[in-house]
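Chemist: Let me give you the structure first, and then I'll get to my questions.
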Amino acid sequence: MAYIQLEPLNEGFLSRISDVLLCGWTCRHCCQRCYESSCCQSSEDEVEILGPFPAQTPPWLIASRSNDKDGDSVHTASDVPLTPRTNSPDGRRSSSDTSKSTYSLTRRISSLDSRRPSSPLIDIKPIEFGVLSAKKEPIQPSVLRRAYTPDDYFRKFEPRLYSLDSNLDDVDSLTDEEIMSKYQLGMLHFSTQYDLLHNHLTVRVIEARDLPPPISHDGSRQDMAHSNPYVKICLLPDQKNSKQTGVKRKTQKPVFEERYTFEIPFLEAQRRTLLLTVVDFDKFSRHCVIGKVAVPLCEVDLVKGGHWWKALIPSSQNEVELGELLLSLNYLPSAGRLNVDIIRAKQLLQTDVSQGSDPFVKIQLVHGLKLVKTKKTSFLRGTIDPFYNESFSFKVPQEELENASLVFTVFGHNMKSSNDFIGRIVIGQYSSGPSESNHWRRMLNTHRTAVEQWHSLRSRAECDRVSPASLEVT
């Protein structure tokens, strides 16, 4: 594209407009727009403009035209006087004419550039939200509430309101006399000592006094004046390997004088908590917890030993556990035989005041809702931790295995009257709980392999509520 040398016009307002339109394009010297460049204002050289002319007039220039019309005469008088053009003999302009024209162009550009706004102005009206109606009511924005963080949430959370022992939160700050006067559950005398030579902890349960009279929840208790207390001992958090004293009949001041040992390393013993629970034996209903004493062993000198009188506090567990049963299941698909091993039980509910219990296990096969077969183990005298190691086999075709259920019921043998119910579980199609369902599922997935598992015994009412097979047996 060729460069064309143009001369600015000198006739009034039209001359200024033409010069500005020409000057809105790129300058040859600085490669910038002339009204943004300083080189064109200070240079005495001739300004050459590159075409073509712009197709449209800039908006900011149109807005200034009205101002230019009003002040045309004044502005012209203040500018540098225009001189007529005189051409040289060779047709070229003289240097003085060129300088005057360039100076006049730069002055006009600077004057218009000062009027040009630096940035566009936008008028933003407030936005109103709402349903269109005859009367517009501006809606004010609501105040944003501060979002809760997890720390704020748990700061407002009060665990004591959801704890079963919420009424015992202040026990640690009370003395034994204050606890005794507040709860009136009696006191327990016991001692502890650790044997470093044999690595075992000895707990001695000595006696109790001022125990409260018994409470009957179902009205079946006959003697409401005397209790039949005994003590269960365990090292928390392990409650499975617990010990139990004998039952003292009809007394509120029992004397036990019994010792129990726990095989446990010394460092591990210091991390445990000794839990002593006083329970009231009831032959015709569930045993009732009178109170408990919890002693962190890290707070006592185990090697030196010592004995204490401690006031009993209420327990969140009103009823004692019924015991546990260890079973083994094995299915042989080729023979269509379901083999059951009754291995042992522990911490069974005591059914006899003087001799503990004479427990045995009854196994009943239920197909659908029909009782098919019943078998039972021998009973062992005077124990709550019996070892059986007895095996039983039931014929169950493989196509009927999915509809089979095994009902295990532990009784205390009684020669004078009916046997005493201790606990029950159901394994199979109508299992009594998640643990039982898991045991049955593991057996189905591992044919020809014996699968052992411990199960916590449940009450008859609980099994009848969740398992239809429990309702079909006695």
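Residue positions begin at 1 at the first shown residue.
Placed from the backbone N, Cα and C atoms, the Cβ positions cover glycine too.
A TrEMBL annotation is a machine prediction, not a hand-curated record.
These came from TrEMBL, pasted as-is:
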COMPBIAS  96-117  compositional bias 'Low complexity'
DOMAIN    184-310  domain 'C2'
DOMAIN    321-455  domain 'C2'
REGION    61-117  region 'Disordered'
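Just tell me what is around each of these and how deep it sits.
Modeler: Across the domain 'C2' (184-310), DSSP classifies residues as 8 helix, 65 strand, 54 coil.
If you average pLDDT over the domain 'C2' (321-455) in this model, you get 89.
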Chemist: Report the DSSP secondary-structure composition of the domain 'C2' (321-455) as helix, strand and coil residue counts.
Modeler: 18 helix, 69 strand, 48 coil
